[in-house]
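For reference, the structure is listed below as structure tokens.
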Amino acid sequence: MTIAPDLDPLTLALQPPPDETPQAREARLQLEREAKKRSDLIDEEINRERIADKKSVKSVKILLLGQSESGKSTTLKNFQLINSPKAFKAERASWRAVVHLNVVRSIRLILNALAAAEESASSAHSSDSDDPVEMVMLDKLTDGARLRGEAPDDDPSPAEISVNSAMPWKKAFSRLINNIRDSIEGPEINEPQDSREARELLHACSGYMVRLWNDPIVKEVLKIHRLRLEDMAGFFLDSIERVTALSYEPTDDDILRARLKTLGVSEHQFTLKAGNMVPHNWLVYDVAYLVTREFFVLVYFLAAWVPYFDSMHAIIFLAPLSGFDQVLAEDDKVNRLEDSVLLWKIIVSSPLLKNTNLILFLNKCDILKKKLASGQNFRQHVTSYGDRPNDFENCSQYMKKKFAVIAKQYSPEPRAFYTYFTSVIDSQSTSDILGSVQDTLIRQNLGRNQLL
Ligand SMILES: Nc1nc2c(ncn2[C@@H]2O[C@H](COP(=O)(O)OP(=O)(O)OP(=O)(O)O)[C@@H](O)[C@H]2O)c(=O)[nH]1
Ligand SMILES: [Mg+2]
């Protein structure tokens, strides 16, 4: 048999037999049609998967780092406020108890200062655990979903209230306090007795607290003790009447200002689509700062944070500039700003983070401005500042340069990082900054090389 020159062996093998009957031909064609249908279906499926894969949500992981009270949780709240406003609103009632506890803590600081002024050493140094008002409030409001911080023996200030993020404290709080309107306008069947008692107790004390806070002698005593409550975390004394009203519901601003120390890890997830880009699944982690300072700082630091370093695309490091004249709550020998500088040094020099995008928030600029305007001397605490002017512009730029020099000097490889001057309690400006951070992260190398 001769083979036609234009027929290859495969085509030849697939050719119908020369003596094919009409029935056999029909059966063969039927089989071929079915085979083609199957093949088309498979092609379609492959195409669908390819398109779905292109559209599939990629993940961006951000870790929030910084010393205690630097503003990590507040930044996380801003992420929630921007990206999941409904969920944020749903948690509003839970924050009311935190605001109330913040008020009680401020009042206790005043009472302690007054007691100290009267040289009543025992009451000035009383341990926080025997304060009846705060204990009652705490027990009634938190339903046991709390951990209390340990205050050093010689520290007259009350220990901070902290809630382990692993505990369902928001649920506990909202269960206890979620029927505000019912309790005012109608039957109070749903609000537990304990919660109502605590709120009524605070409401009944409202007038006394206002008088105490506005008393000129109290102001004088606080001045002598250099206790600037208005610069402290969780300050609501200028709004006592409003926040202790029975109908009080915290505003966004109140929630951003409320202070609740984090223990453990808080996580926030949301999906974000920038322009016509692929949607990204964002995961923002707020990891508690666990340094107790009894041991070498690095040991604790590594233990708490390093497990999160591995897969992070970016770190937002918060350094509160306002801490230039303050010491750490956990160690009164360490200046807060110096501590931030030390932590920044550790972060930038970590080989584990050499490819991680670094975003520096020089935070609490609003407090820094107020402090400098009221005459606090920057140079007195940051001696290297020399005789530069004692104003916000110069002080903040000086610190920005300091952080940049450290990054340049200690980074394992040359790297760019982004610096922002922030006041993360200001939701509008923070929203703009976080918007630009999110955009930058997607469009940067991160977007091109690691995610897309
Ligand atoms: N005025 C002002 N207050 C701020 C700013 N950032 C944070 N705060 C307040 O400072 C307090 C501490 O902030 P957090 O976000 O709880 O600090 P944190 O870093 O999470 O602290 P830990 O949970 O202890 O690790 C809160 O009461 C915030 O409202 C800021 O830029 N300006
Ligand atoms: Mg926190």
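Glycine residues also receive a Cβ, built from the backbone N, Cα and C atoms like all the rest.
Range 1-25 is the one annotated as region 'Disordered', of 1-25, 51-75, 126-150, 251-275 (source: TrEMBL). For ligand 2, the neighbouring binding-site residues among E69, S73, L256, R259, T262, C365 are S73, T262, by Cβ distance under 6 Å. When the binding-site residues L256, R259, T262, C365 are screened for a Cα within 10 A of the Cα of S73 (Mg(2+) binding site), the ones that qualify are L256, R259, T262. E69 (GTP binding site) is surrounded by 24 other CB atoms, counting those within 10 A of its CB over all protein chains shown.
Between the candidate binding-site residues, K72, R259, the densest Cβ environment within 10 Å is the one around K72.
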